[in-house]
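Quick look at what TrEMBL annotates:
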- 478-498: region 'Disordered' (REGION)
- 7-28: transmembrane segment (TRANSMEM)
- 40-62: transmembrane segment (TRANSMEM)
- 69-87: transmembrane segment (TRANSMEM)
- 93-114: transmembrane segment (TRANSMEM)
- 126-147: transmembrane segment (TRANSMEM)
- 202-223: transmembrane segment (TRANSMEM)
- 288-316: transmembrane segment (TRANSMEM)
- 328-346: transmembrane segment (TRANSMEM)
- 358-377: transmembrane segment (TRANSMEM)
- 383-405: transmembrane segment (TRANSMEM)
- 417-439: transmembrane segment (TRANSMEM)
- 445-468: transmembrane segment (TRANSMEM)
Amino acid sequence: RNLQPTLTYWSVFFSFGLCIAFLGPTLLDLRCQTQSSLSQITWVFFSQQFCLLLGSCLGGVFKRTLAQSLFALFASSLAISVVFAIIPLCHNVVVLAVVMAVAGLAMGCIDTISNMQLVKIYQKDSAIFLQALHFFVGFGALLSPLIADPFLSDTNCILSNSTANASSNLPHIRKSLVPHHPGNLSHYDLPMKGMVVTRVSYAFWIMALINLPVPIAVFFLLYKERMVPCFSSSSHPLLSADELAMETRPPEKDDLSTSTQRPLAAGGHDDLFSCCQSKNFRGASYTYFAVHITGALVLFMTDGIVGEYSGFIYSYAVEEPLSVVHKVAGYLPSLFWGFITLGRLISIPVSYRMKPATMVFINVVGVLITFLLLLIFSYSVVFLFVGTASLGLFLSSTFPSMLAYTEDILQYRGCATTVLVTGAGIGEMVLQLLVGSIIHDQGSYSFLVCGMIFGGLAFTFYAFLLFFHRMYPKPSADLDDASPNKPAVTDVTGQYQR
């Protein structure tokens with residue numbers, strides 16, 4: 001009976017993936033459309049990433065009840081369709097940055113709310129559903145560039161007398177563009193004035209149509225839950241998380257589960273700002289905070305590795321000592337994202353058999369070993385491709401596994417989802433900027449050294465998380481925490497409030 005909401009959250013995450021991956025390939029055509037410079041157009045990257053982070057922090061505001069969550073998801077998925085539709089009408093780089101900021105806010109809300117709602121529904125069984133959720137974001141991220149590719153300009157899309165030299169370098173420039181680091185591309189002469197000839201508008205309109213069924217699916221779920229004003233449904237509401245938990249728990253634990261969940265429901269604090277209120281910390285042990293912090297730091301590093309590796313692997317490959325041909329090096333980012341998507345697909349059945357803690361351990365150790373081998377065989381082009389595929393596999397399931405593991409430790413009463421999503425978003429943005437600056441100053445070899453350091457830090461923080469897990473109060477302490485004489489220190493987890 002939870003099939004419909006689960007499929008709806010998966011489809012919304014497909015919308016998230018569709019939106020997150022289209023900007024890179026189309027950025028040069030958008031530069032032509034707005035007649036801006038490379039340094040100006042990369043601010044569009046930054047506006048999207050910054051507002052995605054802000055949306056992740058604010059997403060918790062809308063998930064106190066099921067109705068608020070679904071309305072926020074409906075507005076966010078609809079906003080993504082609208083953004084795709086109006087991007088071709090943005091002929092000023094500032095207007096385009098504002099539009100992408102709106103898309104970033106929508107994506108951040110989707111990221112936080114979808115993860116939290118699946119955790120609320122399935123709790124201890126959420127790992128497999130979270131793996132599937134993150135497969136759909138990878139699937140959307142793979143599909144988006146494929147849709148855009150036929151409509152990208154093969155020559156400079158601003159016709160001018162000075163375009164001849166730059167036109168042959170367009171594929172190289174396109175692959176080298178990363179957020180706010182056009183650095184080594186400044187010597188290419190890309191005109192800003194002239195006749196604009198680009199067909200990228202069709203790609204955005206196609207993606208708007210592909211995404212349109214997603215808000216429709218969310219609206220249909222709202223209708224089935226009888227939450228749409230002026231409409232009523234004769235069908236019964238979908239199964240709530242509380243009812244599901246009572247069905248799946250052993251009979252002798254039913255009374256305990258209801259007695260512990262209901263007192264905690266009144267004090268929910270899902271959003272990041274409410275999590276930071278001092279009244280919610282009353283009675284919480286230091287391990288409660290340590291689990292949140294170390295879990296977020298692991299994802300800060302691993303998601304930061306995803307961002308910096310996908311952003312700079314092409315630039316690293318074409319530089320010495322490898323000096324890979326531009327066309328061949330262009331396959332590396334696609335290989336990386338392809339194996340991330342494949343890894344998430346493989347992780348769906350694997351997570352059914354393997355504990356989230358074990359999966360995270362395999363992931364962080366695999367990342368560390370892969371970077372070590374990439375450093376050892378840094379002169380091998382073949383191993384660069386093998387290592388890129390391996391890194392994609394190991395990084396693929398880290399986020400959903402860590403989220404499921406941390407929520408298990410906190411017994412679904414903390415702010416884990418919001419804190420982890422925010423930490424991952426900050427890491428992806430900050431480490432990409434940091435690595436770009438280091439590569440600019442120290443050379444391309446520092447790219448792998450940074451990855452090795454980040455992988456080592458991820459492993460270290462995971463070791464601390466394991467230590468704090470052993471120190472954290474066992475589930476048998478639930479009854480004491482829920483008693484009238486002790487304040488509720490953490491959030492409700494499983495209750496689907498209407």
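Residue positions begin at 1 at the first shown residue.
Positions of Cβ are set from backbone N, Cα and C atoms, glycine also.
Automatic prediction, not curation, is the source of TrEMBL annotations.
Across 69-87, 358-377, 383-405, the stretch most heavily in contact with the transmembrane segment (288-316), judged by Cβ pairs under 8 Å, is 383-405. With a cut-off of 8 Å on Cβ pairs spaced 6 or more residues apart, the transmembrane segment (358-377) and the transmembrane segment (383-405) reach 3 or more such pairs and are scored as touching. Segment contact is absent for the transmembrane segment (328-346) and the transmembrane segment (40-62), given fewer than three CB pairs below 8 angstroms at sequence separation of 6 or more.
A contact between the transmembrane segment (40-62) and the transmembrane segment (445-468) is absent, since fewer than 3 of their C-beta pairs, 6 or more residues apart, lie under 8 Å.
Counted over residue pairs 6 or more apart, the CB atoms of the transmembrane segment (202-223) and the transmembrane segment (7-28) come under 8 Å in at least three pairs, which marks the two as touching.
Sequence-distant contacts of the transmembrane segment (7-28), counting only residues of its own chain at least 6 positions beyond either end whose CB sits under 8 Å from a CB of the stretch, comprise 41-42, 44-45, 48, 52, 73, 76-77, 80, 83-84, 100, 103, 106-107, 110-111, 114, 117-118, 132-134, 136-145, 147-149, 152-153, 157, 170, 173-174, 177-178, 200, 203-204, 207, 210-211, 213-214, 217-218, 220-221, 337. Among the listed stretches 69-87, 126-147, 445-468, the one sharing the most Cβ pairs under 8 Å with the transmembrane segment (417-439) is 445-468.
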